[in-house]
Amino acid sequence: MDNASFSEPWPANASGPDPALSCSNASTLAPLPAPLAVAVPVVYAVICAVGLAGNSAVLYVLLRAPRMKTVTNLFILNLAIADELFTLVLPINIADFLLRQWPFGELMCKLIVAIDQYNTFSSLYFLTVMSADRYLVVLATAESRRVAGRTYSAARAVSLAVWGIVTLVVLPFAVFARLDDEQGRRQCVLVFPQPEAFWWRASRLYTLVLGFAIPVSTICVLYTTLLCRLHAMRLDSHAKALERAKKRVTFLVVAILAVCLLCWTPYHLSTVVALTTDLPQTPLVIAISYFITSLSYANSCLNPFLYAFLDASFRRNLRQLITCRAAA
């Protein structure tokens with residue numbers, strides 16, 4: 001039986017992304033360096049705690065504050081849901097790491113793998129939708145017109161469509177996720193049919209293309225086209241005023257995109273390395289792999305800080321809701 005394990009020496013988890021720098025789908029349960037064995041669960045725990053607190057605050061504000069019910073904020077709400085879902089299951093990663101074996105059943109294995117893949121794909125998919133929305137809004141503003149059909153209900157339908165697409169994309173991972181005994185320890189792994197090497201490479205390429213290359217290319221095309229079209233336009237005074245009013249929202253979306261790329265680009269670049277080289281499994285390579293995986297996890301807890309620092313209306317509504325709750 002062929003498998004790609006989520007276990008040591010790569011990031012030890014049932015739900016994490018495929019090991020960042022793994023150059024084969026085999027795994028061993030070699031002892032980890034002591035500093036790494038301590039640092040990894042601590043980092044995961046911090047990401048979990050900060051992510052749960054921050055995303056809970058975002059969900060609370062966006063769901064409770066009437067003035068926050070905008071199209072852009074609806075997409076941000078969906079990002080927060082994906083991040084919250086991932087941080088909720090991150091303790092299972094920690095348990096798997098500390099025990100060095102999968103302590104739960106096969107159904108939970110499939111579920112956790114699927115949730116992690118939701119985290120891998122959903123962020124950039126929703127950011128692609130948000131970038132398309134910004135493209136339409138900024139262009140329409142520059143031309144002193146409204147975007148036809150841009151309503152909260154339409155945004156809800158688009159969000160559901162994105163979740164549906166992501167579900168189809170992550171389904172193969174849930175299908176291949178199984179329990180397997182490796183060196184006497186039960187592990188949550190991806191069990192591939194023969195030929196093993198082909199399926200392993202296909203899974204990495206699948207994630208690279210659908211989870212990074214296509215959405216990032218789409219986003220780059222959207223913003224490049226937008227800048228070119230705006231450069232060729234002359235804005236009247238009314239359009240300039242509207243453009244200034246929309247500038248903060250656009251900046252927030254771009255900031256979220258930048259942080260997402262910062263967190264996920266190393267992971268996807270490591271896929272290219274894994275597909276094209278055969279790295280020795282040295283302590284340094286293992287440590288880098290854990291760092292890259294932790295960086296991708298960190299994306300789930302950073303967005304709330306962007307909203308707090310860059311969105312004055314978010315801060316204001318959060319304070320008002322906290323004040324009202326305290327007064328009650």
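Keep in mind that glycine also has a Cβ here, set from the backbone N, Cα and C atoms.
Candidates considered were Cys109, Cys263, Cys301; the recorded disulfide partner of Cys188 in Swiss-Prot is Cys109.
The membrane topology recorded in Swiss-Prot keeps Met68 and Lys247 together on one side.
Across the candidate stretches 113-132, 203-224, 284-298, the maximum count of CB pairs under 8 A to the transmembrane segment (38-61) is reached by 284-298. Here the transmembrane segment (249-273) does not touch the transmembrane segment (158-177). Their Cβ atoms form fewer than 3 pairs under 8 Å, with each pair 6 or more residues apart. Ranked by how many other Cβ atoms sit within 10 Å of their Cβ, the disulfide-bonded residues Cys109, Cys188 place Cys109 at the bottom.
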